[in-house]
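Have a look at the structure below, then the notes.
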Amino acid sequence: MSSWRGRMPTPTPSTRSSTRSSTGGTRSRTAATSSPRTTRSAWPPAVPACSASSGRSSRATSRTSPRRSTVAPSCAGPSDTVLQGSSHRSGFEQVSVPTVTAARALEERAAPSGVARSGAFRLAGLGVATAVLAVVVMLSVGVGARAIALPTIWDALWAYDHTIDEHVIILELRVPRTVVGLVVGPALGMCGALIQAYTRNPLADPGILGVNAGATFAVTMAVGFLGIAAPLGYVWFALLGAGAVTILVYALGAVGGGKATPAKLTLAGVAISAVLGGLTTAIVLGNRDTFDDLRFWGVGSIGGRQLDIVLSFAPLILLGLLLGLGTARALNALALGDELAASLGVRAGRVRIVVIVAVTLLAGTATALAGPIGFVGLMVPHVVRWFVGPDQRWIFAYTIVVSPILLLLSDILGRVILPSGELRVGLVTAVIGAPVLIVLARRRGVSGL
């Protein structure tokens with residue numbers, strides 16, 4: 001006859017977990033038994049112990065709310081996901097943490113920063129800059145070797161008389177010169193802002209990276225060897241040279257399997273610019289006709305162009321500006337890193353192509369029209385970024401307005417600084433921009449200057 005203990009029901013198998021100590025040799029065992037009638041739900045999933053507070057809040061939410069959801073712990077890694085309850089029967093929407101992080105970072109980048117933190121303040125600043133540009137335009141038309149009063153300018157524009165010398169000076173010389181500044185200035189500034197935003201290089205500029213040198217060399221080849229002296233003829237060579245050098249600089253910056261860092265791009269651009277500058281000088285000095293055609297153009301000048309030529313170049317610059325403005329939001333995302341930008345749907349390859357096309361159109365056309373003018377694309381984006389913050393949409397908008405202000409003021413200064421004659425605008429911007437470059441290099445630790 002079996003005892004009462006023998007007739008007891010056999011308990012269900014228990015799940016045992018044992019932990020062995022590697023140093024003391026002791027063994028501790030823990031056993032957890034589960035009844036066949038009581039099953040514990042596998043939901044919610046375990047929360048890592050690195051965030052105890054978030055784990056307690058998620059468990060409390062899962063017990064009280066019929067819509068089960070968990071919040072990603074603060075220690076979530078790049079591959080963790082956030083599970084949100086769906087209206088479907090048993091499905092859950094998965095939103096990757098990098099996507100949420102990238103979206104938040106993009107919002108923070110677009111948030112008001114800089115000196116002008118509010119949108120109204122930024123709009124007001126843009127209006128003030130536009131008003132300043134209008135004043136500078138009037139100064140550009142009136143100031144020169146012969147100062148012309150505002151009423152005379154008004155009469156020349158609306159009641160032109162070719163027998164009056166002031167009217168001829170205004171419409172034949174100063175108005176085309178001012179229009180060239182209004183067209184070339186935004187092109188140079190926007191080109192520099194695009195290069196700085198895409199390469200993340202604070203010292204980027206179409207002159208420093210050799211883009212202007214490529215366009216200048218191509219134009220010199222066209223004039224010296226092919227005899228193409230008309231601007232409408234050699235503008236296509238300028239576009240070809242600018243595009244080729246842009247691609248070459250970026251390729252050299254990425255040599256060695258690494259990324260094209262700002263230092264690599266700057267060194268590659270300076271090296272290519274030096275080589276092409278030497279070749280250009282050799283061609284000009286070896287051909288007297290080429291020297292006569294390019295001696296003023298080669299140092300950068302917005303004078304000596306007819307208004308019809310300027311208007312013929314304007315559509316190419318307008319197209320480059322529109323392409324650049326269209327990349328503003330994508331460049332904001334790329335500033336967060338390629339991986340986060342990809343999680344937001346930004347295709348870096350497509351943005352690269354658009355930026356290269358825009359830079360080629362802007363730098364090539366501006367160089368063909370006014371010669372190689374440096375440092376405008378370096379100085380203006382830095383000043384604008386200090387005022388409006390890192391949002392490229394505002395940077396591009398301000399750059400388009402502020403760049404012609406700098407270019408026209410430099411041209412006015414070149415007209416009046418000498419008692420006889422004038423300095424070309426390219427020389428004036430170089431004198432102003434070189435100290436700015438040194439200050440930026442020292443502040444950012446780019447070199448040992």
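The first residue you see is number 1, and the count goes up from there.
Backbone N, Cα and C define each Cβ position, glycine as well.
A TrEMBL annotation is a machine prediction, not a hand-curated record.
Marked as region 'Disordered' by TrEMBL: 1-90. Taken from TrEMBL, the feature compositional bias 'Low complexity' applies to 1-74. Taken from TrEMBL, the feature transmembrane segment covers 123-148, 178-195, 207-228, 234-253, 265-285, 309-332, 353-375, 395-418, 425-442.
At the 8 Å Cβ threshold, with sequence separation of at least 6, the transmembrane segment (207-228) lacks contact with the transmembrane segment (123-148), having fewer than 3 such pairs. With Cβ pairs under 8 Å as the measure, the transmembrane segment (309-332) is packed most heavily against 178-195, out of 123-148, 178-195, 265-285, 395-418, 425-442. Annotation: stretch 178-195 has the most Cβ pairs under 8 Å to the transmembrane segment (395-418), among 123-148, 178-195, 265-285.
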